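Copied over from TrEMBL, here are the features:
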type	residues	note
TRANSMEM	24-45	transmembrane segment
DOMAIN	39-285	domain 'G-protein coupled receptors family 1 profile'
TRANSMEM	57-76	transmembrane segment
TRANSMEM	96-118	transmembrane segment
TRANSMEM	138-162	transmembrane segment
TRANSMEM	191-222	transmembrane segment
TRANSMEM	234-256	transmembrane segment
TRANSMEM	268-287	transmembrane segment
Amino acid sequence: MVPTSNETEIIFLGFSHNRDVQKIISVFFLLMYTAIVLGNGLIVVTIMASKGLTSPMYFFLGYLSFVEICYCSVTAPKLILDSFIERKVISVKGCITQIFFLHFFGGTEIFLLVVMAYDRYVAICKPLHYTVIMSRRVRGLLVGAAWGGGLLHSFGQTFLIFQLPFCGTKVLDHYFCDVHPVLKLACSDTFLIGTLIIANGGSISAVAFVLLLASYVVILHSLRSQTADGRRKALSTCVAHVAVVSLFFIPCSFVYLRPCVTLPADKIVAVFYTVVTPLLNPVIYSFRNAEVKNAMRRLVRGK
């Protein structure tokens, strides 16, 4: 990056210019962030400590919960702290770092959700071959591919932003650094870089969302041969999963699939995929699961 001014800081405008409103918002974010860390952390500890949760589903769920904690931690803590500081700033290098980790953990989560949908497809549509197909080696390769895909995606986004020269006052009408708001700070033509950012970020979100929906359609289609009780349970699980996946991918697609412009609604939309989804995932994927709840009770009781 070649800044064309001596300024090395970026100023966040946040959600509101009113200090009292900022503090109220920070309290809500603090409560949600605490719930995310405790809920997802409890899932990780439970899966690691329980000898009964050995299914590949729980293996992937443990990694998803860990990624959710990391993903939310990229943005929420700074927003909470900034609400009590008059001048909300971040260094240019810190901003680039935040973009890198935001897209690293966000990309990894996208690929993990696809892996988990494939796991459910194999479990429901090919139950007799499930343990063979989803062997320990295959599970490790799938998780490694998810982390690797997130890293490549993040490196691509960060590399593109790193090429931009910045000039003038660096003010972001947002509460964290992301590619579209930062593009507005550039003092050069950003059409090509913006197009590449859309191709890298938006296409991944759209393709992954279509694959997830297709996998659940196939799963629901295969339920015709199941018993009524089996269909009811699988349908309940699939509907809940699709709801959470939609809360993540629809806002992501809204932000990253359009031309590189910022809208006033972007800050609210970002809350859904950075905070709301990590908050709901433990409820949908774990707390509705009898095996996980029983394992948590045994863990709490120390047995």
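Note: Cβ is positioned from N, Cα and C throughout, glycine not excepted.
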Cβ-Cβ under 8 Å with the transmembrane segment (24-45): same-chain residues at least 6 beyond its ends: 15-16, 61-62, 65-66, 68-69, 72-73, 76-77, 79-80, 82-84, 275-276, 278-279, 281-283, 285-287, 292, 296, 299
The transmembrane segment (57-76) and the transmembrane segment (234-256) contact flag, 3+ Cβ pairs under 8 angstroms: no
For the transmembrane segment (138-162): best-contacting stretch of 96-118, 191-222, 234-256, 268-287, by Cβ pairs under 8 Å: 96-118
Folded-back contacts onto the transmembrane segment (268-287), same chain, C-beta under 8 angstroms, at least six residues removed: 29, 32-33, 35-36, 39-40, 42-43, 61, 64-65, 68-69, 71-72, 74-76, 102, 106, 174-176, 178, 240-241, 243-244, 247-248, 251-252, 254-255, 293
Mean of pLDDT values spanning the domain 'G-protein coupled receptors family 1 profile' (39-285): 88
Positions whose Cβ lies under 8 angstroms from the transmembrane segment (96-118), at least six residues beyond its ends: 1, 57, 60-61, 63-64, 67-68, 70-71, 74-75, 78, 90, 142-143, 145-147, 149-155, 157-158, 161-162, 176-179, 182, 201, 204-205, 208, 211-212, 215-216, 241, 245, 248-249, 252, 273-274
Distant-in-sequence neighbours of the transmembrane segment (234-256), which means Cβ under 8 A and at least six residues beyond its ends: 106, 109-110, 113, 117, 120, 124, 178-180, 197-198, 201-202, 205-206, 208-209, 212-213, 216, 219-220, 223, 226, 266, 269-270, 272-273, 276-277, 280-281, 284-285, 288
Same-chain residue ranges lying at least 6 outside the transmembrane segment (191-222) that approach it to Cβ under 8 Å: 103, 107, 110-111, 113-114, 117-118, 120-121, 124-125, 153, 156-157, 160-161, 163-164, 179-180, 183, 234-235, 238, 241-242, 245, 249-250, 252-253, 256-260
